[in-house]
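Novice: Encoded as structure tokens, here's the structure I'll be asking about.
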């Protein structure tokens, strides 16, 4: 036990020594180094290789976003020039409504996430707490319908929305409200299933106690259950938010005007030909778009992993 | 099925909120308790919300009355009635919680699914995207010729919501506005510059530069003079003065024929969705008709479409399976590597390795597309010292590139999942096996891996399903390319089924909604078969109770 902690303490210094090839420091006790390497040292080599693989594209996009020169070729010399010019360019250029895209994405993804959680929680509550005819059938059909992604029906969605737009222009093509409604079509499904599993872990005796105290179902739901299941609500909200930020197909079909579009649609069109695109402005836009999502994700990652595996690992 | 369900559930009801059968007295008591606990506020909220909904529905009905959409009116009435019935009643408790989500589910998942099937049986698409009346007026306006003694109309080009409009001042000083879809209608609130109307509220007047930039669209624009297509239309060759044009086609509604007055050719409506001459020549645009299984027959038998469909299907499976396999094995390997308690800095490695998963995926694909660019990308220019490796433009290499990028995108997820699953396997198993003399590899292969697969298998199926329709990666990395020039539909060698549907429907010169929907239905069928098999295999749904 003691020996492992000692060798463990050596790790941090020796990692560097091994990777830079400066292993001579340890030649005094080569046997120990070999053993250390077989036990944990090689794991650090794997780790470093993987970090290079996983972080490299991100460093590349960060570097080119700081590069005042616009083209893709100009971005190849990493961190050769550092400045905020491209950030200023994408935020102020009259041809690129980046701030609109950003605001649109936040509005659409934010409202979709909140509404998805609310609709999903309502359904999960009834499936978890009530027994009624067609309950099992309902649960199974929701899971099965969800197997067919909305993007397969994108033609029908487009035609439906264009018809709705003829009657009610505020809900049809080119409106955020319309897009949010389409996304809410997927509010049940996997989300309900995830939440349903979590709701089941809250003991029914809590409901009963509240009921004896005179609370009705609505009060139990809003004031007791929703608080107890807050972690899964956060996970579903975050997954829905990230999913909506990434969604391209439906958004590209429904949002027509550049000012109405979301980041996924706008930024994709911006670099549809990387040769001529203002690559560093795109990178600046990508960095700004990714930072809030990444911050949220890393902050909540423990819960996300728990939520992802909750459905399957029992 | 339903009877067993009920049997299963009755056993549990004793513990749950609602006992199987309430006596009327108990039911009343529980209703009173419910009402008392809700209080006046809940009732008020309910009344206000339902009132708003009913008001909206009423508005919608009035609008729809104007459009004579009887079927839709019926649906709105029935749906609103049902919602009121559910929320005003004392019982139907589960319905109160399920209705909001189910409404969206029914419209935007179930209905559009059925609608997709319907479109798959029509010829909907470019050239066939309206009713017969619309086709007639479009044809008439496409064959316009200038009336020789037409007066000159003063014209201003306006734009609204991406549509070009003409603001017309006729020689008498009357002002009217219209566009390609809506005939000229009089307006009285135009702004004048001298005798000519130059601006209108709610519209944007195009500047001279904008007129130059859009001159093609403006010269092509023809605004019907009235609802009757035989009255002709107004067109402007220069964006400032307009002339009256009438059609060289003559429509005979009774006979269902179009006659070209210049050549004398007669085009007849023979049930193919377009006016067709005796020699088979079609006048386009036609209109939308139900063509039965034509699209499916084309997809499955037409050599030039079936070829792409087959290789796209194969590649879709290869892509999804290889993606799941590579990400899972790399993730599992890393989970094992970093599951050693003695190792320092595991948290540090972990956070840096899941960064690709946190970065929005559509951006990752675009960034990789830039890095893999053949002539300017970082990989060729810097890493390979100026090589010209066609990462995204060679059919085979593009597939490899997609798999590499998807490995980058997907391994952190598998790493996280496998780490979680590994840690939930009790250490005692390993100790017991080691005591019995098992080597580490045998312990892993015979004990840990099977246990791990039990918990991870559903996630692997989900991951397969996700990649099967991983549109973003394909579309943003290669756009399906390189393009298969021999195919009549816009399809490339790295397209998967879903990106092919999108391209057939929304890109290229002709949009074929009918064929795209037929493809969708074929994918539905494939997904359904996979779903049934995987559910049978994992018995995933049997746990639901």
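Keep in mind that glycine also has a Cβ here, set from the backbone N, Cα and C atoms.
According to TrEMBL, the protein carries these features:
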| type | residues | note |
| --- | --- | --- |
| COMPBIAS | B:1-10 | compositional bias 'Polar residues' |
| DOMAIN | B:313-534 | domain 'ABC transmembrane type-1' |
| REGION | B:1-29 | region 'Disordered' |
| TRANSMEM | B:43-64 | transmembrane segment |
| TRANSMEM | B:70-89 | transmembrane segment |
| TRANSMEM | B:101-121 | transmembrane segment |
| TRANSMEM | B:314-339 | transmembrane segment |
| TRANSMEM | B:351-371 | transmembrane segment |
| TRANSMEM | B:400-422 | transmembrane segment |
| TRANSMEM | B:449-468 | transmembrane segment |
| TRANSMEM | B:513-535 | transmembrane segment |
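How buried are the listed features, and what sits near them?
Specialist: Only residues 6 or more beyond the boundaries of the transmembrane segment (B:43-64), in the same chain, are considered here, and those with a CB under 8 A from a CB of the stretch are 72-73, 76-77, 79-80, 83-84, 87-88.
For the transmembrane segment (B:101-121), same-chain residues at least 6 beyond its ends with a Cβ under 8 Å from one of its own Cβ atoms are 79, 83, 290-293, 295-296, 513-514, 517-518, 520-521, 524.
Same-chain residues lying 6+ beyond the ends of the transmembrane segment (B:449-468) with a Cβ under 8 Å from its Cβ atoms: 316-317, 319-321, 323-324, 327-328, 332, 406, 410, 413-414, 417-418, 421-422, 424-425, 429, 496-498, 527, 530-531, 534, 538, 540.
Long-range contacts of the transmembrane segment (B:513-535) within its own chain (CB-CB distance under 8 A, at least 6 residues past either end) are made by residues 113, 116-117, 119-125, 128-129, 291, 294-296, 298-299, 305, 309, 313, 461, 464-465, 468, 489, 497-498, 500-502, 504-505, 541.
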